[in-house]
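Annotated features in TrEMBL:
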DOMAIN    A:3-285  domain 'Dihydroorotate dehydrogenase catalytic'
BINDING   A:21, A:45, A:46, A:99, A:127, A:165, A:191, A:217, A:243, A:244, A:265, A:266  FMN binding site
BINDING   A:45, A:69, A:70, A:71, A:72, A:73, A:127, A:192, A:193  substrate binding site
ACT_SITE  A:130  active site, nucleophile
Ligand SMILES: Cc1cc2nc3c(=O)[nH]c(=O)nc-3n(C[C@H](O)[C@H](O)[C@H](O)COP(=O)(O)OP(=O)(O)OC[C@H]3O[C@@H](n4cnc5c(N)ncnc54)[C@H](O)[C@@H]3O)c2cc1C
Ligand SMILES: Cc1cc2nc3c(=O)[nH]c(=O)nc-3n(C[C@H](O)[C@H](O)[C@H](O)COP(=O)(O)OP(=O)(O)OC[C@H]3O[C@@H](n4cnc5c(N)ncnc54)[C@H](O)[C@@H]3O)c2cc1C
Ligand SMILES: Cc1cc2nc3c(=O)[nH]c(=O)nc-3n(C[C@H](O)[C@H](O)[C@H](O)COP(=O)(O)O)c2cc1C
Ligand SMILES: Cc1cc2nc3c(=O)[nH]c(=O)nc-3n(C[C@H](O)[C@H](O)[C@H](O)COP(=O)(O)O)c2cc1C
Ligand code: FES
Ligand code: FES
């Protein structure tokens, strides 16, 4: 019996585990380590209309149970992604969620319009929450009206369902979620990184060349859980949860909070085999906890336990 | 040579190390462990007009490099604090910073008016950022206008300088800081805890009876550093920094970010002797790093290194 | 006085399924006076786990400057602790709290000691003290199953001992109350430590007729009374602002003193 | 192929001040082919440190299925690693990256190997390979002071070896370049690993006249080319979007290939 299959808008997942955007490139490198076919889906690196080099290095710094990154959305640009990366990924039976970014609404529209027509792209992830770029990025993710408008614009051109990636760096996450839901979002992905910083003991200066960076890893898990708990009760669209997932137990905690699938980011650096490990361990853990299917876990922190699989579609 | 003395509005500190509010009660328990006279100052538990029991238990939960708490401002109330706690603390040559809280502006005004007249209370810390109470608390800390008004009201009645404690759960921390500065705040203390949550693997329910709680400890240090870095460049009042300090190195990092003194919270639970240890280690570390006085470290992450001791008064 | 010491491991062994007995030595032992007090232990050597773990003192050996704890390796902290080997030093804060008062039992009379699971350990030092005082002790100790039973002979050496297991794989099948109900109620005092439902059952059944002392558990921050993590309402003011702290006023309370 | 293995510690010792030599055994060794490649090591056993640590392979022993690293215990991760004892297994990911190509040195000619501090270790395997190929090697190795010098005799056994220390407490006082400037420039190829200023100095002085290969360092996330943490601009497009990844395209580059 399959205990892990999940259906979400546009996505027919054999399991709800996928690498998070930016932590897995376009799959090639991890494809050398294991068979990517085992993944539920793949969230590929943010794509912008033109190629971007991103920020100067150092781009990463370590923190207690976490890390900061300021990659700055480095990517080879839309053309290259369409011509090279996506066709390469076509050999796998894995739905691709294309993460799209830009500095202005037109950028999102450009990328969404074209990339959503690639045959293996089954959904878009609208990155309105990158803390590491000067323009666009996070500003789209902190003002509900702006977030709603960019969602509407992308929905208007996209051939596939649109998931909006929320930033945790806001006073009111529910308001943001409801705004993008009103803008037509088919789902949410949350959370992106928290804005943070580390200073060098000797120089006193920031370790990251970009000064600030995005905090990810287990340190932020309690914030992610809290936000998903709040948002999942306030919207009707499904949530793909992320933020500090390292183990199968963490996955279950995200489902309990209200997620219907999860993404694994930073953990891929600590253990490049973390996704296959979690996928293997989940059914065992579910059985031990007394569940027949992972969807039974969704929203258990707040629901009355009658209604399971609320986003199983 | 004293390398650690710092002057801040109302506070003549022999060293810039103080326990953070809520992590040290009113000093009695730690007074059994070491001589409190070594402390730079003491931020005592939040005081409200009437006694409060706070939230049901469990009130704490552990997270990766952090902890959640939902004490809910339990305290014996203003009268008892004036009659019992503060007089007891009078035996020590340590300035007291009274943390005050409430559900409405009048509460803050009541407590501020009376407590600021206690002889050893040298400053107030306005807690407009407690995430663990239904009314008041954090709502005061997320709306700049409300924050400014409560600051003004307290300033109008306080006999001593007023420091406002900022919540990190906001989109724009600089805006909050500038609002309370405009309201007459003499200083800032930051950061309070990040809102977070943990769920129990077996039941799926929140571990904390209050469901959500405040995340503290090393996990949040990068967020604190980032916020102090931003705010210290945007206001002219001094900052007492906190959030995850465990070591003397952490203290220096907070000074580099822009703090002029620091508070140690959660670390007191991990190591009840952490404050004396840090106070002992700081001069050694400063010498090793080539400084003559800790004030030289303030703002080093962003200043041009000409102007030291910018808040040394 | 409360002290903080890096104590040496004298021995550590698994005495039942996931149940470890750990003996430590150091000068802190000279501060230990009361059965039922606990220590607060830092496990691992980083910020994870961040918080200390409260563990009861299960026996004290002043002559050799050692004390023993018995704990279940379950979560992160206790699992790490169980992996420590003889060379290591363990960061101990203690002794903490107010324990059992053997003096409360009438000398020469009979006293009932009731323990559930990892609530059993502190009863061992208590029982040793009571028997030394000439008190006749009866032990009723509840466990999940045969694999997790520990210290049966040790308690037997001190007095009459009944074991219950939930699955009946050892001793009487059921809960401690199933045994107690059938005992002649010659005892005057009950000392108990274990899960809250067990403590509640004992309180409601025997509060009026016996002297009952209960050792409580609560999630802790500081362990010394400073953080208000571990409070409970007093019985006199069950919804008001009066409180007791489990860590510093307790963990042992007289039945009826606080709301369980 | 890149593998992930829990490798056994064969030996670990401090060979200079805070400098440790660690030998591990396991089947992953059979994948190691090129000097200058590195491994990515998980230190500690929790989430702190969270990231792996990149450490160069300093010698490979295929017969015994072991390889050796030399590293400085400085921060959290390397300090933890230095405390591991013989019973422990170390989580190793590797071999990673593209290392030095001994074949680039003209057989029978002379090659200069330049190392700075903890940039010295990968040159050892390289030097062994070169001498085996019949290449004449000259080593110029820079350290902070006498206490941190390591592997001097090992390199001497393979060829002419000059040591420099910043404080002059051993060998020539100054930097590696102070020695190199005075060498007869009979060598055709330079292989170097060390701090970026050293690499820059070598590049600008010898890029035109010699074959120069430089091993770079950068803070890493994944270590395998997936996260874009470790990129550098290509020399041809120094401000554009073309890039190389230190972890997977490097860490060794031909001088002039990327912007240092
Ligand atoms: C006064 C007192 C005495 C105790 N004596 C013993 C004893 O002698 N033997 C024994 O095995 N256990 C004892 N316990 C319970 C023991 O403290 C917990 O089992 C232990 O803290 C769990 O830690 P962990 O690392 O296994 O679990 P984790 O799940 O990693 O713990 C996470 C957090 O929850 C706290 N926590 C989890 N369970 C409990 C609990 N039951 N009580 C209090 N805090 C908890 C931990 O301290 C930690 O802060 C006692 C508890 C108290 C309050
Ligand atoms: C390809 C490569 C090969 C290396 N080979 C060796 C070697 O053979 N011997 C040796 O001693 N060192 C080597 N280093 C440097 C080594 O990786 C760092 O000294 C080490 O990561 C520092 O970790 P820490 O725990 O001591 O410091 P921390 O301060 O705890 O490190 C914090 C974070 O910064 C990173 N970091 C800190 N310094 C460096 C650095 N110089 N380079 C890259 N990342 C860094 C760490 O990996 C970690 O992510 C190499 C680095 C690279 C990139
Ligand atoms: C190195 C790195 C690069 C990232 N790049 C992107 C990106 O391009 N687009 C995006 O939406 N999120 C990006 N993220 C955020 C992650 O997708 C994820 O939301 C976040 O890291 C929290 O999950 P984690 O704690 O499991 O890493 C990046 C994160 C890291 C660590
Ligand atoms: C148990 C606990 C209780 C707290 N109570 C208060 C409080 O009463 N008033 C307040 O302003 N902050 C309170 N705080 C927040 C701390 O003062 C501090 O701002 C925060 O914990 C971050 O610092 P830390 O990481 O060093 O703990 C409390 C924190 C903890 C952990
Ligand atoms: S644990 Fe802090 S008061 Fe009891
Ligand atoms: S470290 Fe991830 S791409 Fe090089």
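Cβ atoms here come from the backbone N, Cα and C positions, even for glycine.
What TrEMBL says about a protein is an automatic prediction, not a curated fact.
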Same-chain residues at least 6 positions away from residue A:45 (substrate binding site) with a Cβ under 8 Å from its Cβ, in sequence order, are A:21, A:22, A:24, A:25, A:26, A:74, A:75, A:99
Identify, in sequence order, the residues in the chain of residue A:265 (FMN binding site) that are 6 or more apart from it along the sequence and have a CB within less than 8 Å of its CB; answer 'none' if there are none. A:19, A:20, A:21, A:22, A:23, A:216, A:242, A:243, A:245
Distance check, please: Cα of residue A:127 (FMN binding site) against Cα of residue A:72 (substrate binding site), rounded to an integer number of angstrom. 12
Would you mind pulling the longest C-alpha to C-alpha span across A:45, A:69, A:70, A:71, A:72, A:73, A:127, A:192, A:193, which the record has binding substrate, in angstrom? 16
Please state how far apart, in Å and to a whole number, the two most distant Cα atoms are among A:21, A:45, A:46, A:99, A:127, A:165, A:191, A:217, A:243, A:244, A:265, A:266, the recorded FMN-binding residues. 20
If you count the other CB atoms within 10 A of the CB of residue A:21 (FMN binding site), including all protein chains displayed, you should get 27
So of all those recorded positions, A:46, A:130, A:191, which one's Cα sits nearest to residue A:70 (substrate binding site)? A:130
Which of the listed binding-site residues (A:72, A:243) has the least company, meaning the fewest other Cβ atoms within 10 Å of its Cβ? A:72
Residue A:193 (substrate binding site) to residue A:130 (active site, nucleophile), Cα to Cα, whole Å, comes out at 8
Cα-Cα separation of residue A:46 (FMN binding site) and residue A:72 (substrate binding site), in Å? 10
Taking only the CA atoms, the spacing between the residue listed as 'active site, nucleophile' and residue A:72 (substrate binding site), expressed in whole angstrom, is 8
DSSP says residue A:127 (FMN binding site), in three-state terms, is strand
Quick check: in three-state DSSP terms, what is residue A:70 (substrate binding site)? coil
Kindly point out which of the binding-site residues A:70, A:72, A:243 have a C-beta less than 6 Å from some atom of ligand 3. A:243
Close in space, distant in sequence - residue A:191 (FMN binding site), Cβ under 8 Å, 6 or more apart: A:129, A:166, A:167, A:168, A:220, A:223, A:224, A:227, A:228, A:242, A:243
Taking only the residues in the domain 'Dihydroorotate dehydrogenase catalytic' (A:3-285), give me the average pLDDT of this model. 95
